[in-house]
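Lifted from TrEMBL, the feature list:
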| type | residues | note |
| --- | --- | --- |
| DOMAIN | 2-80 | domain 'Ubiquitin-like' |
| TRANSMEM | 120-146 | transmembrane segment |
| TRANSMEM | 152-169 | transmembrane segment |
Amino acid sequence: MVEITLKIIGPARPSRLHVPSSLRVHDLRKLIAGKNRLPVENLKLISQGKVLHDREDEDDIYIQLNDGDSLIVAVKPKAPIGLDIDDDEEDLKFQLPQSTSRWKKKLYSFLLNRLKLPDILLMAIFSLSLKAWILVILWFILAHVAHKWDLGPLYILGTGFCTIFLNLGRRQPGDVSAYSIFNEDFRELPGTLNADAIDRDIRTGQF
């Protein structure tokens with residue numbers, strides 16, 4: 001057992017608490033909330049300038065405490081009745097869905113905590129499917145080959161045309177194209193303005 005000092009933000013004086021030297025952050029939060037009669041769900045613990053989290057990648061986080069360590073305890077104010085307000089900064093950051101596979105969560109934790117990648121880059125990385133990433137990597141490999149054979153411009157033009165044709169989609173039965181040349185009997189959309197429509201309006205005195 002070790003004795004730590006709790007510095008609660010506000011008018012309360014610092015207090016001392018005896019806790020095990022190694023324990024889960026979740027258990028530490030419950031001990032502090034029970035001793036000071038604070039709402040555990042609104043409690044934030046700060047150690048050495050870092051916010052302590054209960055879990056990471058679905059694993060409990062343990063904290064090692066020494067005799068005389070200090071923790072800053074902050075209580076997040078409750079939202080007014082009828083309003084669902086959460087001013088936690090983490091809610092404004094990119095987060096993976098709960099259904100995300102374990103290896104993706106491990107990769108996300110490594111990129112965020114170790115490499116310190118910004119949220120916008122993490123969003124771009126995890127928004128693409130595995131198939132899309134394979135295509136991106138394959139494109140860069142072929143681009144290197146095309147550059148060696150002095151075919152870079154043709155490779156980029158070919159990529160552009162392939163992207164256009166692969167994203168044209170398919171019309172459902174009964175759908176009409178905005179371009180009459182692609183429609184059966186060159187049928188036009190209602191309200192289409194062309195030379196024939198202008199000539200017809202002039203002849204009938206409607207222009």
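Cβ atoms here come from the backbone N, Cα and C positions, even for glycine.
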Residues of the domain 'Ubiquitin-like' (2-80) by DSSP state, where helix covers H, G and I: 15 helix, 35 strand, 29 coil
Local confidence of the domain 'Ubiquitin-like' (2-80) - pLDDT mean: 82
